[in-house]
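Here is what TrEMBL records for this protein:
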TRANSMEM  A:12-30  transmembrane segment
TRANSMEM  A:42-62  transmembrane segment
TRANSMEM  A:127-149  transmembrane segment
TRANSMEM  A:155-174  transmembrane segment
TRANSMEM  A:183-200  transmembrane segment
TRANSMEM  A:206-224  transmembrane segment
Amino acid sequence: MQREGLSAGLKAGLTIAIGYFPVALTFGLLAKTTGLSLIETVAMSIFVFAGAAQYISLSLIAAKVDPILIVLNTFIVNIRHFLMTASLNEKMQPDARWKKAVYAFGITDETFSVISTTGDGRVRTSYAAGVIILSYASWVIFSGIGHVIGANLPLFLQAAMSIALYAMFVALLIPSLKGNRKVVLLALTAAAMNGFFFWSGLLSTGWAIMVSTLASAIFVEILYTRRGNVIRRAVERKEGA
Amino acid sequence: MGNWYWWMLLGMAVVTYLPRAIPLTFLEGKELPPAVSGVLRNIPYAVLGALIFPAILYAQPDDLLFGVIGLASAALIAWWGGGVMGTVLGTIAILAVYSLLAG
């Protein structure tokens, strides 16, 4: 059977594109209130294309934080993509290095979640390209539109839209939780640890997300490997008896 | 903003691209030990947990209830099969009503 290609990718990408619409619109709106021009706003979406990092950079610009520190912070917030693309590499069809270098640019939390949870077996490069093209276009275009029209929206709507980024993360996670205890455990452990780092003030946001993610993924893997071994040994004993 | 903004943007673009590109271009063809690939497969779910919580509670920094309602609405809509678009737009709609009533 031919695995899903470009058109299936575009279809999956459309869901993200529509989900990005309010998130990007809100980014454009916040960028304007922070004092960025239309070109500066759209340029950030074109060249960076990372929702959480862009949101955080706006609050740092508003707080007049040193630009070098903003770059450093962006790096820390985005180190998690290192884990994602390493994980994705296991899932993608082997392909020319330059092609992978091109679509690597389009790996976000959302495109990653969709691509890496697509069916069993390897994912085709064309499928990933489809997912990314529409997501990227939506992100860039609606950042610009948000900047242009955002300030004209009523205040209560502007406030409500600040949930967009998180609602999207929730929507990506919940369907995978259903009937899968391992996924529930992974998400809850990471969330609990991140909460601990946040309220104790031990780590800054970017590091906290990275450490919680990695620790949760390792902890749950050890737990399940052990459980697997215990069951296997029990079966072997039974067969031996 | 000024010149510094464009230098900052260049820096942000580079430090965002490298963590995306290095694993995909340099791990090609290398077999990872099963324990490592097991951990890597867990990452999508763990990272979403950490991205959502506790940041969602502070979506409006001075109104915790806003974040709590947002989290509950998004989780329920997504659970009932709202999909990404339905969840995002539905949650915004609910919080718009809340903001209108509270503000």
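Cβ atoms are placed via backbone N, Cα and C, with glycine included.
Automatic prediction, not curation, is the source of TrEMBL annotations.
Remark: the transmembrane segment (A:127-149) makes no contact with the transmembrane segment (A:183-200), by the rule of 3 or more CB pairs under 8 A. Counting Cβ pairs closer than 8 Å and at least 6 residues apart in sequence, the transmembrane segment (A:12-30) and the transmembrane segment (A:155-174) reach three or more and so form a contact. The stretch with the most CB contacts under 8 Å to the transmembrane segment (A:42-62), chosen from A:155-174, A:183-200, A:206-224, is A:155-174. Within the chain, the transmembrane segment (A:206-224) has long-range Cβ neighbours (under 8 A, six or more residues past its boundaries) at 73, 75-80, 83, 182, 185-186, 189-191, 193-194, 197-198.
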